[in-house]
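Engineer: Once you've had a glance at the structure underneath, I'll fire off some questions.
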Amino acid sequence: MSASSSSFEQPQVITCNAAVAWRAGEPLVMEEVEVSPPQPLEIRIKVVCTSLCRSDLSAWESQSLLPRIFGHEAAGIVESIGEGVTEFEKGDHVLAVFTGECGSCRHCISGKSNMCQVLGMERKGLMHSDQKTRFSIKGKPVYHYCAVSSFSEYTVVHSGCAVKVDPLAPLHKICLLSCGVAAGLGAAWNVADVQKGSSVVIFGLGTVGLSVAQGAKLRGAAQILGVDINPAKAEQAKTFGVTDFINSNDLSEPIPQVIKRMTGGGADFSFECVGDTGIATTALQSCSDGWGMTVTLGVPKAKPEVSAHYGLFLSGKSLKGTLFGGWKPKSDLPSLIDKYMNKEIMIDEFITHNLSFDEINKAFVLMREGKCLRCVLHMPK
């Protein structure tokens with residue numbers, strides 16, 4: 001039914017299972033939750049699959065805003081729509097995204113930014129439109145996460161935070177494009193604009209870091225250094241284009257010195273993909289004088305201030321931050337999905353585990369122990 005129809009039928013409250021975080025760092029609990037109808041300009045989605053991102057893990061370990069339903073990398077099918085929604089209808093396949101695109105604010109109409117002023121990253125655990133929740137347990141509110149909350153069989157998102165996708169695209173694969181893989185590719189392509197023959201160093205070889213490597217490889221980078229403390233990442237990283245692996249725990253001298261020696265004076269581009277402000281400084285020290293660019297993608301759990309000597313900038317280096325790799329979700333994700341469907345980019349290789357939704361705590365353990373890239377959780381059919 002079209003939202004413009006005079007016979008618009010208001011959806012009702014439904015109940016479903018959701019993995020709820022009650023206490024920081026403790027196992028999620030499968031609970032029956034009430035999911036309110038979508039309000040104006042919102043849609044309710046039947047989640048088909050969702051993947052665990054390190055941001056979920058970090059927030060779960062430190063988050064005081066509880067109870068909460070985490071999850072923000074997700075794909076599903078529109079179950080119902082709120083008033084005023086014209087872009088979607090019941091049955092559409094969609095990706096949910098943590099940063100939206102209203103299409104009319106200063107940033108959305110600019111070609112320079114994807115930082116929507118209306119539907120930017122939501123940090124209060126509420127919906128953008130009315131600062132309320134759509135989840136409850138026995139009448140008591142349950143907080144959202146990044147305005148997505150995909151660790152639930154059903155969720156409600158603003159229509160500006162959803163992207164309609166080709167129904168032929170496999171949802172259990174492309175769900176990774178709603179955060180990590182897209183963020184890494186975009187950092188290499190949109191933010192750094194890595195050039196053919198350049199040298200790149202990546203700090204942190206999780207899904208985001210390896211996506212940066214894939215993007216750099218596809219751009220023709222000649223040297224891609226990967227820095228991590230997990231030796232198991234060395235062989236895995238080659239698949240995505242890393243030419244040299246550096247275990248920072250094995251070094252007897254400062255990392256920047258090693259990288260400058262390996263690159264002949266410093267990398268053209270460095271990427272901080274851990275979420276550690278100290279590593280951001282190290283990344284800045286590791287890139288070349290004159291033109292070296294450091295791009296930060298990680299979200300720090302603590303100490304958000306970056307400390308760097310002013311001389312690093314006087315020498316011509318630059319530091320840039322990015323959220324979601326600079327992609328405007330509605331405008332750009334469909335073409336990224338096309339690249340996957342045409343086998344121009346890799347997604348499957350990031351999926352190390354496929355688990356049922358009730359195995360969600362196993363996914364958290366695997367990520368906490370560094371034994372996975374992406375665990376895709378499949379909802380009951």
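Positions of Cβ are set from backbone N, Cα and C atoms, glycine also.
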Engineer: Of the residues H72, H172, only one is listed by Swiss-Prot in the Zn(2+) 1 site with C53, S55, C179. Which is it?
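Structural biologist: Swiss-Prot names H72 for this Zn(2+) 1 site.
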Engineer: If I go by Swiss-Prot, which of F313, F324, F357, F364 binds NAD(+) at the same site as S55, G204, L205, G206, T207, V208, G209, D228, K233, L297, G298, V299, R374?
Structural biologist: F324
Engineer: Roughly how many Å lie between the Cα atoms of L205 (NAD(+) binding site) and C53 (Zn(2+) 1 binding site), rounded to a whole value?
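Structural biologist: About 13 Å separates the two Cα atoms.
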Engineer: Far apart in sequence but close in space: which same-chain residues, 6 or more away, have a Cβ under 8 Å from C108 (Zn(2+) 2 binding site)?
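Structural biologist: Looking at Cβ-Cβ distances below 8 Å from C108 (Zn(2+) 2 binding site), excluding near sequence neighbours, one finds E101, C102, C116, Q117, V118, K328.
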Engineer: Take the mean position of the Cβ atoms of C102, C105, C108, C116, the recorded Zn(2+) 2 site. Which other residues of that chain put their Cβ within 8 Å of it?
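Structural biologist: My list of surrounding residues reads G100, E101, G103, S104, R106, H107, I109, Q117, V118, L119, G160.
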Engineer: For the recorded Zn(2+) 1 site, enumerate neighbouring residues of the same chain (Cβ within 8 Å of the Cβ centroid of C53, S55, H72, C179, site residues themselves excluded), in sequence order.
Structural biologist: R54, D56, G71, E73, F98, C146, S178, G180
